[in-house]
Amino acid sequence: MSKAKGTGFSSIDTEDENLRERYVNQPKANASDIQDEQLDCFEQLEEKHRTKKNEEYTALKILRDVIGPLLLTITSFYLRFQHIDQNNYVVWDEAHFGKFGSYYIKHEYYHDVHPPLGKMLIALSEWMAGFDGQFDFSSNNAYPENVNFKLMRQFNATFGALCTPVAFFTAKWMGFNYFTVYLIATMVTLEHSYIVLSKFILLDSMLLFFSMTTFACMIKLYTLRKQQMTKKWSLWMLLTGLSIGCVCSVKWVGLFITVVVGLYTCIELFLLYCDKELPRIKYYKHWLIRIINLIVIPFLIYLYCFKIHFVLLYKSGTGDSTTNTLFQINLEGTQIEAGPRDVAFGSELTIRSHGLSPNLLHSHIQVYPEGSGQRQITGYGFADSNNVWKFEFSRSSGLELDQNGTLNGKIIPITDGVEVRLSHKNTGSNLHSHDVPSHVSRGNYEVSGYGSQSVGDEKDDWIVEIVKQMDSPNPVYSNENSTILHPVSTFFRLRHKVLGCYLASTGLTYPAWGFKQAEIVCKDSWSRRDKSTWWNVEDHWNHNLETAEDYVPPKSNFWTDFILTNFAMASSNNALVPDEDKYDSLSSDAWEWPTLHKGLRMCSWAGYITRYYLMGSPFNTWISTVSLIIFPFIILFILYRWRRQTLYLSDDQIWQITIQGIFPFISWMTHYLPFAMMGRVTYVHHYVPALYFAMLVFGFVLDFTLTRVHWMVKYPIYLSLFGGCIYIYNLFAPICQGMHGDKAEYLPLQWLSTWDIAP
């Protein structure tokens, strides 16, 4: 009994010796071995649990970061491609940008207020569509059957659709709550103004896309701020520069987001400067890398776009008048006529300024309303009979041309230092200046048309000063007399004999009484390099001299063409001012955009046509505008608590507030306030980039407000916001997907009396 009890097996038959011997002789288990076996078992269970959790997390991450944004992107493509060819007429600014694209197909030079990248991309879409350039994109005209306008529009819509994933990852990198990230991406996807602008051959979707990518790249650099100088950081720095170059090459509005990136860069460099552990040589390296990537590369992209622009447009076209003579005469089919190579007394000619405003010297019968009251002298770019002048002998010389345009049968060339008088062919008045202030610029003298062939004084006299001669590639004309005035290749100045000032173009324009033409003055100029006082003869006629048909003009300088083209763009842009005497139903004021006070009819409102109304989503616009009002108070609240030392903010928290709230707010201001302050005419679509940044501000306000709210309150709020965004899109979908038939059917969408959707 005692033995059986000792073994602890009382229930087993002890008469079986073999069995008893087997158990009696078996060694006892070690306690540490049992513990190790138990630990191994627990570790295996934990590993299985950890693997399962990792698999679940990976699946969730793929669903959240890949499948989710992919579905939103597909939705974005669908909404922008949907019914894209339903309106087969030229809609709104397709009349401009479709036509500009066709000029690249035909290689005809044109002028526009915007840089060329966006229009070259439109030309690419036209080339892909097999367009031959013959359709002129006249407003409201139907597209011919042989013009694949659907593909052109789809190409443009692609930029708009890709804004959705850019918005998603930007919001994610900014550190927003994932519900907020998805809400912002959904708002961008369902924004009515973004959808409708993407459906047509316009620049706005490209501008929005590159503005968003520039901001996204900046945010990505923020996430990599502790990994500076790594390959990944360097790649995103390069992408930022490429994006800046693209957005500025589509529209100058891209400069606004460039300012934001510049501000962020300055903050980074300042913080690096304050880092006493950073060697100075590394600090200067940071400067160098940013200068190369954020200044040099964008500028080279901008420059290269113009290089391609000039190479493609090698034929004479509608934009010739905005360029200098050398550029024009090198165009195929130029309108500048071949003429004699020596300019002489009796020659009739046109004279073009070599300044930043390369206009032709012009006069007409109208007089100055103030000042001398004599005939106006202006600069005018287009071919016109009022641009023609004639070289006469000066008043003080007492000489006159005979009936054959010679001096007693002799042809007297115009040489350096000779005194001349310029008479206007149509009015007969003389180019004149006197001690009367100019009308637009300050500190200059008025230039007027005065007298006639027989009436005048010494203030009609000017002295020719030759400043530069350019040689022809043709050896026959490569050694022309450098003291004689030659058309096209000679640059000269006209110094007033009495006042000592120089005939100049200021780059400014006269008011309506001067037909918005360029101001011409007589200015004191102490430098021969002052290009505003440089002129050249463009067209030249003299029946006493032989025409040089085989003359080959010098090539124009790329840098000169680049600078003059950009200045012409700026001048044209500044000229887009509202006409106070004319009501423009399409234009709107900046205050009307965030309030959604007014929209824009994009096409004819006839009942038989598919109609589109450019207006922001009421949900997106109004909720983001409210956020813009709330945001400054949130910042003041944070500063107040920080100042009272009731709130501690770490460096990372300060950065988070800056990136999520302050930079989107600054971006909104830089994209909105310039339009509110500028004098040019403005339209609803000018708010497109600013609206995106207003949505990001809304994301910050939402995240800040709901940070400590219980999930039972937070989730219903998010659900209602998603529901509201989707519901408002569906309600107002006709304004961006097309309205058909009876206009009265859309009266329920007429929420405000200022909206003209239904009438």
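From the backbone N, Cα and C atoms, a Cβ is placed for every residue, glycine too.
Summarising the annotation, Swiss-Prot assigns region 'Disordered' to 1-31. Positions annotated as N-acetylserine by Swiss-Prot, on the basis of a large-scale study or a structure entry: S2. The topological domain 'Cytoplasmic' annotation in Swiss-Prot covers 2-58, 186-194, 273-293, 640-656, 708-715 and rests on sequence analysis. The topological domain 'Lumenal' annotation in Swiss-Prot covers 80-164, 216-251, 315-618, 678-686, 737-759. Summarising the annotation, Swiss-Prot assigns N-linked glycosylation site to N156, N404, N481. Residues annotated as domain 'MIR 1' in Swiss-Prot, with sequence analysis given as evidence: 340-394. Swiss-Prot lists 409-467 with the feature domain 'MIR 2'. Swiss-Prot lists 482-540 with the feature domain 'MIR 3'.
Known features from Swiss-Prot, placed on the structure.
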residue: N156; record: N-linked glycosylation site; Cβ within 10 Å: 27
residue: N404; record: N-linked glycosylation site; Cβ within 10 Å: 12
residue: N481; record: N-linked glycosylation site; Cβ within 10 Å: 12
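In this structure the C-alpha atoms belonging to N404 (N-linked glycosylation site) and N156 (N-linked glycosylation site) are separated by 61 Å. Within the chain, the topological domain 'Lumenal' (216-251) has long-range Cβ neighbours (under 8 A, six or more residues past its boundaries) at 114-118, 166, 169-170, 173-174, 203, 206-207, 210, 257-258, 260-261, 264, 268, 285-286, 289-290, 292-302, 305, 655, 659, 663. Cα separation, N156 (N-linked glycosylation site) to N481 (N-linked glycosylation site), rounded: 55 Å. Non-local neighbours of the topological domain 'Cytoplasmic' (186-194) in the same chain are 72, 75-76, 79, 160, 163-164, 167, 205, 208, 614-617, 619-620, 684-685, 687-688, 691-692, 695, 722, 725-726, 728-729, 732-733, 735-736; each lies 6+ residues outside the stretch with a CB under 8 Å from one of its CB atoms. Counting same-chain residues at least six beyond the ends of the topological domain 'Cytoplasmic' (640-656), those with a Cβ under 8 angstroms from any Cβ of the stretch are 175, 222, 225. Across the range of the topological domain 'Lumenal' (678-686), the DSSP-based residue counts are 3 helix, 0 strand, 6 coil. Here the topological domain 'Cytoplasmic' (708-715) has long-range neighbours at 179, meaning same-chain residues at least 6 beyond its ends whose C-beta is under 8 angstroms from one of its own. Across the topological domain 'Cytoplasmic' (186-194), mean pLDDT in this model comes to 98. Across the topological domain 'Cytoplasmic' (640-656), DSSP helix (H, G, I), strand (E, B) and coil residues number 10 helix, 0 strand, 7 coil. Within its own chain, the topological domain 'Lumenal' (678-686) is flanked in space by residues 193, 197, 204, 253, 573-574, 576-578, 584, 586-590, 592-593, 598-600, 614-616, which lie at least six positions past its ends and keep a Cβ under 8 Å from the stretch. Residues 79, 82-83, 86-87, 195, 596-599, 601, 605, 607, 610-613, 615, 618, 731 of the same chain sit 6 or more residues outside the topological domain 'Lumenal' (737-759) yet have a Cβ under 8 Å from a Cβ within it.
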